[in-house]
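Just below is one structure, and these are the notes that go with it.
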Amino acid sequence: SLLEFGMMILEETGKLAVPFYSSYGCYCGWGGKGTPKDATDRCCFVHDCCYGNLPDCTPKPDRYKYKRVNGAIVCEQGTSCENRICECDKAAAICFTKNLNTYSKIYMLYPDFLCKGELKC
(Lines of atoms letter the chains of each structure in order from A and count residues from 1; the text may use other names and numbers.)
(Lines give C-alpha, C1' and ligand atoms only; values in the text may rest on other atoms or scores of the structure.)
Protein backbone atom coordinates (compact mmCIF):
# COMPACT_ATOMS: atom_id res chain seq x y z
CA SER A 1 0.00 0.00 0.00
CA LEU A 2 0.99 3.63 -0.07
CA LEU A 3 1.81 3.29 3.64
CA GLU A 4 4.49 0.64 3.10
CA PHE A 5 5.79 2.41 0.00
CA GLY A 6 6.14 5.65 1.97
CA MET A 7 8.10 3.84 4.69
CA MET A 8 10.37 2.20 2.10
CA ILE A 9 11.08 5.60 0.54
CA LEU A 10 11.89 7.14 3.93
CA GLU A 11 14.16 4.25 4.93
CA GLU A 12 15.97 4.23 1.59
CA THR A 13 16.33 7.95 0.90
CA GLY A 14 15.92 9.65 4.26
CA LYS A 15 13.17 11.77 2.63
CA LEU A 16 9.47 11.69 3.44
CA ALA A 17 7.34 10.48 0.53
CA VAL A 18 5.10 13.51 1.12
CA PRO A 19 6.13 16.16 0.08
CA PHE A 20 9.33 15.01 -1.64
CA TYR A 21 7.90 12.37 -3.99
CA SER A 22 4.11 12.88 -3.87
CA SER A 23 3.91 15.42 -6.71
CA TYR A 24 7.39 15.47 -8.21
CA GLY A 25 7.82 15.97 -11.94
CA CYS A 26 5.30 14.47 -14.34
CA TYR A 27 4.97 10.95 -12.88
CA CYS A 28 5.49 10.98 -9.11
CA GLY A 29 2.07 11.05 -7.48
CA TRP A 30 -1.35 10.37 -9.01
CA GLY A 31 -1.46 9.77 -12.75
CA GLY A 32 1.21 10.85 -15.16
CA LYS A 33 1.85 12.00 -18.71
CA GLY A 34 4.53 13.65 -20.77
CA THR A 35 8.27 13.08 -20.64
CA PRO A 36 9.87 12.37 -17.26
CA LYS A 37 11.76 15.47 -16.13
CA ASP A 38 14.79 13.69 -14.68
CA ALA A 39 15.99 10.32 -13.38
CA THR A 40 13.81 10.49 -10.25
CA ASP A 41 10.73 11.21 -12.34
CA ARG A 42 11.71 8.28 -14.59
CA CYS A 43 11.73 6.06 -11.47
CA CYS A 44 8.09 7.07 -10.98
CA PHE A 45 7.29 6.41 -14.65
CA VAL A 46 8.74 2.90 -14.39
CA HIS A 47 6.85 2.40 -11.09
CA ASP A 48 3.59 3.45 -12.79
CA CYS A 49 4.32 0.94 -15.57
CA CYS A 50 5.02 -1.76 -12.98
CA TYR A 51 1.65 -1.11 -11.33
CA GLY A 52 0.09 -1.10 -14.81
CA ASN A 53 1.30 -4.68 -15.26
CA LEU A 54 -0.81 -5.72 -12.25
CA PRO A 55 -4.36 -5.36 -13.63
CA ASP A 56 -5.71 -7.95 -11.19
CA CYS A 57 -4.28 -6.12 -8.14
CA THR A 58 -5.05 -2.87 -6.29
CA PRO A 59 -1.58 -1.53 -5.42
CA LYS A 60 -2.43 1.68 -3.58
CA PRO A 61 -4.62 0.16 -0.80
CA ASP A 62 -3.26 -3.43 -0.74
CA ARG A 63 -1.01 -3.99 2.29
CA TYR A 64 2.09 -6.18 2.19
CA LYS A 65 4.94 -7.04 4.52
CA TYR A 66 8.63 -6.47 4.00
CA LYS A 67 11.70 -6.48 6.17
CA ARG A 68 15.28 -5.35 5.92
CA VAL A 69 18.08 -7.89 5.85
CA ASN A 70 21.59 -6.40 6.08
CA GLY A 71 20.12 -3.10 4.88
CA ALA A 72 18.35 -4.60 1.88
CA ILE A 73 14.58 -4.60 1.38
CA VAL A 74 13.16 -8.13 1.35
CA CYS A 75 9.51 -8.62 0.41
CA GLU A 76 7.93 -11.19 2.71
CA GLN A 77 5.79 -14.02 1.37
CA GLY A 78 2.18 -12.99 0.83
CA THR A 79 -0.41 -13.31 -1.90
CA SER A 80 0.71 -13.06 -5.51
CA CYS A 81 -0.55 -9.46 -5.66
CA GLU A 82 1.14 -8.49 -2.40
CA ASN A 83 4.45 -9.92 -3.61
CA ARG A 84 4.30 -8.15 -6.98
CA ILE A 85 3.22 -4.81 -5.48
CA CYS A 86 6.07 -5.03 -2.96
CA GLU A 87 8.59 -5.72 -5.73
CA CYS A 88 7.35 -2.69 -7.72
CA ASP A 89 7.66 -0.46 -4.65
CA LYS A 90 11.06 -1.90 -3.74
CA ALA A 91 12.42 -1.19 -7.24
CA ALA A 92 11.16 2.40 -7.11
CA ALA A 93 12.60 3.06 -3.63
CA ILE A 94 16.00 1.72 -4.75
CA CYS A 95 15.77 3.81 -7.94
CA PHE A 96 15.09 6.95 -5.86
CA THR A 97 18.18 6.21 -3.77
CA LYS A 98 20.37 5.72 -6.84
CA ASN A 99 19.23 9.09 -8.17
CA LEU A 100 19.33 11.22 -5.01
CA ASN A 101 22.25 13.18 -6.45
CA THR A 102 20.08 14.52 -9.30
CA TYR A 103 16.89 15.14 -7.26
CA SER A 104 15.87 18.75 -7.91
CA LYS A 105 13.48 20.82 -5.78
CA ILE A 106 12.37 22.66 -8.93
CA TYR A 107 10.30 19.58 -9.80
CA MET A 108 8.51 19.40 -6.44
CA LEU A 109 4.83 20.36 -6.81
CA TYR A 110 5.36 20.41 -10.57
CA PRO A 111 2.25 21.64 -12.45
CA ASP A 112 0.50 18.96 -14.54
CA PHE A 113 -0.16 21.33 -17.43
CA LEU A 114 3.58 21.40 -18.16
CA CYS A 115 3.52 17.63 -18.77
CA LYS A 116 2.53 16.99 -22.38
CA GLY A 117 2.27 13.88 -24.52
CA GLU A 118 2.04 10.18 -23.84
CA LEU A 119 4.82 7.70 -23.15
CA LYS A 120 4.34 3.97 -23.62
CA CYS A 121 5.63 1.59 -20.98
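Every residue, even glycine, has its Cβ placed from backbone N, Cα and C.
For the Ca(2+) site that Swiss-Prot gives as Tyr27, Gly29, Gly31, the extra residue drawn from Asp48, Asp56 is Asp48. For Cys75, the cysteine that Swiss-Prot lists as its disulphide partner among Cys86, Cys88 is Cys86. Matching Swiss-Prot disulfide entries to the candidates Cys88, Cys95, Cys115 identifies the partner of Cys43 as Cys95.
Candidates considered were Cys115, Cys121; Swiss-Prot assigns the disulfide partner of Cys49 as Cys121. Annotated pair Cys86 (disulfide bond) and Tyr27 (Ca(2+) binding site), C-alpha to C-alpha distance, rounded: 19 Å.
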